[in-house]
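In what follows, a structure is listed as structure tokens, so that the remarks can point back to it.
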């Protein structure tokens, strides 16, 4: 960590005379037991584009939120022009000239583009009235400066995401922003739109704006940026010039860590095909996705956030409809868009967002576990509480759930135990195909290992498991095969023996090596 | 350049849609009046017209206040109760002391209404309780308070000072006071909402509360202000109610909150916030009042009057939804062309 120590000094060696416009010095931030940022330092300079690289969960978003006043650091400092500043809320950062462009901007759909730019700061005429002519003219001027053709009087509703970002950039310009932070701005854009965004952003850079740019597409980092800072597991890894760096070297910085022993995958003999997905397409979301999962196999679906993995899972389970292709379970075709049919065919989906989609948070553990199999709990027309309780106790013991009473509400459990309840809920339907989305997101290390143990046991009992995960070590440790998705397409099918962090990341970031 | 001209015509379309909303209410009014007058000449008599405008004024005043709240994506169901409470308590005070004039009555009414609005606003914006629940609760509380104060009594016109009663029935230059007050309030509030930065904040909040917070709009203060205004205007409406009818019991204006919300929605204010004008809302109030009067003149069974009001409400919402979809499609198509 000697590099970090160097970067901590506001006037580090070789940094020239002017202090950086905006800097982080030794910033740490924890959420409960999770240490999202550990002693991270970063320096943004005028006229320079700085990339922030790192895997999902490396702490990039937390860093952005610290710079933009959403989070306050637990320790360490935010510095502007070398002076410590404290941002208590986003408005404080904005006042200091820090503007953030999010992947999907938040706009006022009912107001005009010009009003979106100037809300709260409209140009005034006499008696404090809004000077609409002036507002329109200034917005038009901003768009002219950016070289984009947008009509200030158009309502924001119906603008494409690319245009919304341009409006946000115009807003930043109108505030004389000195620092522009862009959090994965290109994730939802087409090639043309990216080119247009880059033209605008490069012009801003030349006008002396300091840029922080986050993207999973390495090509974009190399095209736009001069400096790159890499984070891994919340820790600062390196800050270095982009020139002279190779894609491979950057990927190694992002992923290079030791595989630990958290992933006790038992060997299982792959049986017959349980789930077969053939050329599945949902327009604009994913295209031509084909794969198979056999009994006893754990297949990981890897890729970057937004690559379409969860969407494929939802379509297979019938939550979303698909436009072309088909899905077969144990040799029988599933009707499209019918979760009921998928469930009775033996498919279970454990969704990514437990709080939103997986659990009824105010209800008891036993109620939640019983929810998926109410038919099996019926004694005549009524649900048998005793049967419900028996089943819940059964699974709670099997999954080593930690709880006081089965009648406790789910929301008092820890994240990891909540995940076990979701698992129990679906496993109690005795599925033959288990689709599980981000099985260990946001849960602690010990519970992670238990979830992995359970998954591994289920597979060796003959279940076919399709696991979506953004954590590479988990993917590599657990999976018999790794499928990699990139921008809605399945781009690689890597057997366990060939799967390395480099090979998976390379496929996911779209670099044919 | 082509993209800019495309944008211009887009603006034209969108403007037209919103103006069309107000124009269509005016057209509906014209048809209604023509048909009714054709059937029964008395409908357009001086007295008939005056009655419609007097009745519409109070509803319009409430609709203006309610639009403020609905534009911020909230609702105020307590306004009917506030009108009842203010009408009775102010009447009670005036009956006890004949020395008090119309000015005191109005100020007292606005203060009582304002306090009710303040309670609503505090609970919604700072207590973070959903507006529907808060104002449903205060609806019953204020109603109960009204009954407790009234205790079965009744305020009679003979107990009230002449100056107050003349507010309800008098006129200036042939224009009755009530519609005059309603129009002045409507124009003032409409101008504020359109032309002042803080006025635009209300639309911003209703359009996207999260974005409003991120943009530094003082969301809670504005929501608070919307309830204060709605309460204050309901207080004013309560005084006007007293002045117009003279005879007041605790039950007055029961159920008006739903008429008010109907008027606002028929007038083109989106129930989901962010869209609409107080002019539209006031027109909506005029339309609903005219329909009620017309149906009486046409001797339609009172049951149908309510059903027709309900049907109109559904029609207005369906038309809004259809138009919104249409506009969204047009905008998308323009943008697609623009992008290419």
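Don't overthink the numbers, they just go from 1 along the chain as shown.
A Cβ is built for glycine as well, from the same backbone N, Cα and C atoms used for every other residue.
Predicted automatically and left uncurated, TrEMBL annotations should be read as such.
Positions annotated as transmembrane segment by TrEMBL: B:25-45 (among others).
Here TrEMBL flags B:52-71 (among others) as transmembrane segment. Beyond the transmembrane segment (B:52-71), the same-chain residues lying 6 or more positions past its ends with a Cβ under 8 Å from any Cβ of the stretch are 79, 83, 131, 168, 176, 178-179, 181-182, 185-186, 189, 193, 202-203, 206, 226-227, 229-234, 236-237, 240-241, 244, 256, 259-261, 263-265, 267, 269-271, 273-278, 280-282, 284-286, 288-290, 292-293.
Annotation comment: TrEMBL describes B:77-95 (among others) as transmembrane segment.
Positions annotated as transmembrane segment by TrEMBL: B:102-126 (among others).
The transmembrane segment annotation in TrEMBL covers B:174-193 (among others).
If you look at the transmembrane segment (B:224-243), the same-chain residues 6 or more away from its ends with a CB under 8 A from one of its CBs are 57-58, 61-62, 64-66, 68-69, 71-72, 74, 76, 78-79, 82-87, 90-91, 94, 102, 105-106, 108-118, 120-122, 124-126, 155, 160, 164-165, 167-169, 178, 181, 185, 189, 202, 252-253. If you look up TrEMBL, you'll see B:224-243 (among others) marked as transmembrane segment.
Look at TrEMBL and you will find B:255-271 (among others) tagged as transmembrane segment. Under 8 Å from some Cβ of the transmembrane segment (B:255-271) lie the Cβ atoms of residues 18, 21-22, 25, 59-60, 62-63, 66-67, 70-71, 75-81, 83, 139, 206, 277, 279-285, 287-288, 309, 312-313, 316-317, 320, all in the same chain and six or more residues away from its ends.
Taken from TrEMBL, the feature transmembrane segment covers B:278-297 (among others). Sequence-distant neighbours of the transmembrane segment (B:278-297) (same chain, 6+ residues past either end, Cβ-Cβ under 8 Å): 21-22, 25-26, 28-29, 32-33, 35-36, 39-40, 42-43, 48, 51-52, 55-56, 59-60, 62-64, 66-68, 182-183, 186, 189-190, 193, 259-260, 262-269, 304-305, 308-309, 312.
Taking Cβ pairs closer than 8 Å, the transmembrane segment (B:303-324) reaches residues 17, 21, 259, 262, 265-266, 268, 270-271, 287-288, 291-292, 295-296 in its own chain, all 6 or more past its ends. Annotation source TrEMBL lists transmembrane segment at B:303-324 (among others).
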